[in-house]
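Comments concern the structure below.
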Amino acid sequence: MGNCWVAEVKTDSPSHVVFASGRNSKHGSKKGTVLSASSRRVSASSVPLTPGSEGEILSSSKPKSFTFSELRTATRNFRPDSLLGEGGFGAVFKGWIDEHTFAAAKPGTGLIIAVKKLNPESFQGHREWMTEVNYLTQLSHPNLVKLIGYCLEDEQRLLVYEFMPRGSLENHLFRRSPYYRPLSWSLRMKIALGAGRGLAFLHSDKAKVIYRDFKTSNVLLDSNYNAKLSDFGLAKDGPSGSKSHVSTRVMGTYGYAAPEYLSTGHLTAKSDVYSFGVVLVELLTGQRAIDKNRPSEEHNLVEWAKPYLASKRRVIRIMDSRLQGQYSVAGAQRTAGLALQCLSMQAKRRPSMDQVVIALEQLQDATDMERTPKTELKSSGHRGSDRAHNMPRRKISVDVGDGKVARPRPAASHLNA
Ligand SMILES: Nc1ncnc2c1ncn2[C@@H]1O[C@H](COP(=O)(O)OP(=O)(O)OP(=O)(O)O)[C@@H](O)[C@H]1O
Ligand SMILES: [Mg+2]
């Protein structure tokens, strides 16, 4: 662990934390203990603006600056029954605005928005608030949540996002309620691919961003289960020039942070790949990355699951029972192999997110082929538009863990739930 100070987590679910040496203070989180090395107030101007990149990154429409009163009206005074969820930095409420004027609208009319209201009594979220506004203003991609606006007024800090009707992947995987039916295997693969494309875009030369907080609660779903990444408060510009990594205060979420990042503070895009591997294991098993309610040897999902992931035969034993056997065994084995590669202890041995996306596309094509009658396959067209955005269509071979090397397959039909 080097000189990193690792906090004890109180909850059974992963919580948002700053792992830091030295002084720490509590950040009123309902979900868990959030620790920060710094409690000083950071002024808006002291947070450097991320340098803008050209092309499509700048083509997104500028987020609107809302007044606090506008957002109070849009959310009906932040009524408890508008609460969508709560995270380490505050609560998220549902609201309504006019789609043209962006003025507050009657509930049920106009555009639905999600308003994140940072805890005003704590200014530790201010830096993250600024970072999020900066990144989401500059980055635009179908797999990143859209920032519609923000509010900076006196002590108030709010963020206004597009509303994601199906909420977070975390809720779908782990909440037990009639509202959340178990996700099918094909939906899990679709979500993994969408989230992977979002990360691959962030790592691309166009964006050069390390996300640093990849986890199921930050993967939001639209009505068709298209995944979008949210929460850019911890994002960081990737290394520039000859540097191979960025050195930072170690921040992130228990159970998801890469081991070398935890021990040295050296941050690379491969740290995100590790976190992606953790989420793949959560998708396979339906278990949380950290859960203190499990027997002690199973508290840490990855440590416990690794031997099973490495065995084609044994991986079936850790599959989510809520799938009720309704999954492709070959697909599960290959996904487990891919997860193992992402979870490699040596960052260099992990695949890039581009390679992960290609491997997931191959897996999805294979699932489609299994599900589609041969006659239909013959007549189906090319699935070009569903491919990774801005992904090179070059052939990349990715070892998917069963000793075989997966090669690109002919494209098949669209994936349906
Ligand atoms: N744009 C959105 N549309 C719909 N629901 C949302 C949206 N943004 C957030 N939510 C809901 O609010 C919850 C809380 O989100 P938030 O990002 O504040 O915290 P978190 O991701 O759970 O934890 P952390 O603070 O560690 O990131 C999410 O899990 C999700 O259910
Ligand atoms: Mg979040």
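Placed from the backbone N, Cα and C atoms, the Cβ positions cover glycine too.
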With TrEMBL as the source, identify the stretch among 10-60, 367-417 annotated region 'Disordered'. 367-417
For K117 (ATP binding site), which residues in the same chain are close in space, meaning a Cβ under 8 Å from its Cβ, but six or more apart along the sequence? L71, F78, G90, A91, V92, F93, Q156, R157, L158
Averaged across the domain 'Protein kinase' (78-363), what pLDDT does the model get? Just tell me the whole number, please. 93
